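Student: Not my notes, these are from Swiss-Prot:
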BINDING   CYS55, CYS58, CYS83, CYS86  Zn(2+) binding site
ZN_FING   51-91  zinc finger
Amino acid sequence: MSFQRDYESEWNAALIEEYGEGGSGFSHGRFASLRMCEQRLYRPPGKVEEGTVKCPGCGSRRVHALQRQTRSADEPMTLFAMCSECGKRWTR
């Protein structure tokens, strides 16, 4: 017998109950407006110097990157990056 809850299923069921069908998790249509706001509001600084982070899309080193602690303190920080050449965004 498992005492672990399936939070992902509960989350998806709550989304469907509240907003109807349209995807699961953060791919649900309810979050589309939040994704658009993030894309409009997040702008890297104008000129980006060549650095140490390499874009997996085009290989450029002109990448705007910042780190934030998104998990517990014993976990590594999360890197949020955006390539100034091709516009690719990723986290690591």
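Quick reminder: no glycine exception, Cβ is built from N, Cα and C everywhere.
Quick caveat, the model's predicted, so the values are computed rather than measured.
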Student: Since the record lists CYS55, CYS58 as binding-site residues, which of them has the fewest other Cβ atoms within 10 Å of its Cβ?
Tutor: CYS58
Student: Counting other CB atoms within 10 A of each CB, which of the binding-site residues CYS83, CYS86 comes out lowest?
Tutor: CYS86
Student: Using DSSP and collapsing to three states, where does CYS83 (Zn(2+) binding site) fall: helix, strand or coil?
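Tutor: DSSP call for CYS83 (Zn(2+) binding site): strand.
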Student: Could you name the residues, excluding CYS55, CYS58, CYS83, CYS86, of the same chain that surround the Zn(2+) site, i.e. Cβ within 8 Å of the Cβ centre of those residues, in sequence order?
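Tutor: Here the nearby residues are PRO56, GLY57, GLY59, SER60, VAL63, SER84, GLU85, GLY87, LYS88.
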